[in-house]
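TrEMBL annotations:
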type     : residues      : note
ACT_SITE : LYS3          : active site, proton acceptor
ACT_SITE : TYR219        : active site, proton acceptor
BINDING  : ARG98, MET267 : substrate binding site
DOMAIN   : 198-322       : domain 'Alanine racemase C-terminal'
MOD_RES  : LYS3          : N6-(pyridoxal phosphate)lysine
Amino acid sequence: MVKADAYGCGLARVAPALWRAGCRTFFVAHLSEGIAARKILPEAAIYVLNGLPPGHAEVFRAHGLRPVLGDRGELLEWAAATDGAAPAALHVDTGMNRLGLRVEEALALAGDPLIARAGIDLVMSHLVSAELPDDPLNAGQAEAFARVRDAFPPLRASLANSSGTCLAARARHDLLRPGYALFGGNPEPGRRNPMRPVVRLEATILQLRAVEAGESCGYNGRWQAPAPRRLATLSLGYADGYPRSASNSGHALVGGVPCPIVGLISMDLIILDVTDASEARRGATATLIGDSLDIDTVGQAAGTIGYEILTGLGSRYVRSYVE
């Protein structure tokens, strides 16, 4: 999965690295992402998850992209444009109620010449609650998808996303679709991801200041010093994708010391309480993701998930890649 600019990590650098590692099938969400991926991956199979927009079959063909078809109208349009000469995937909804044919609709297509005319070479679905392995929805979806797969025996099948790779073998089938897990995020709470985290987020301390007990900082004075404290202002804010909802709840590391975020996060700046960080000085580095501060912890402090943090990282960062 390399949608959303490879989960915010940079498609242009991530996709070739995955190709060199042996990946040959890639998934994106939108047609524009597929076109960008094709420029980087001339030989890969690239599926576009959000289906076939009306009137765009020739654009897909021109770029060698494979639409994930989720209703009969899409199937008919793709078949009329390609007559089996260009591959596509069949999306079956087993419980998400977002996109895809219902299970009974898909089963009714078994043996229908339309499947061959649409070039279907993959049948797929998406898990609703894979990060919670004991959720009964998983078993229900696995059973429903098994029925669909049995109805289309020649086709490859794909059900498991990042979290689904941790479920029983019945969820894994022929093709896995890991995304977040590839970048070191933990898709299943309470179970360690064996993949090494790849993202490290750092910012420079712009200024230090001392405040007395009772003084506030940031917009609306939402934090007041309980005692004399030393504060450091960092060179990033919510315009860089660091969520404002982490105000007064998140933290960063300075010299390995956890330093709480104090006051409201602003567009370009974050304030830390660095009283306990002896290495804090103007020009020093604060770590906002990395070392003992993983991306899921950052998401939890912001009241969201690590996926949102990762995909939301902004364009103003200087990005350095190490292979």
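First residue shown is number 1, and so on along the chain.
Cβ atoms here come from the backbone N, Cα and C positions, even for glycine.
A separation of roughly 35 Å, to the nearest angstrom, links the Cα atoms of LYS3 (active site, proton acceptor) and TYR219 (active site, proton acceptor). Counted with DSSP, the domain 'Alanine racemase C-terminal' (198-322) comes out as 22 helix, 41 strand, 62 coil.
MET267 (substrate binding site) sits 11 Å from TYR219 (active site, proton acceptor), counting Cα to Cα. When pLDDT is averaged over the domain 'Alanine racemase C-terminal' (198-322), the result is 97. The two recorded residues, ARG98 (substrate binding site) and TYR219 (active site, proton acceptor), have Cα atoms 39 Å apart. ARG98 (substrate binding site) carries neither a helix nor a strand DSSP state and counts as coil. In this structure, the recorded positions LYS3, ARG98 were compared by how many other Cβ atoms lie within 10 Å of their Cβ, and the smallest count belongs to ARG98.
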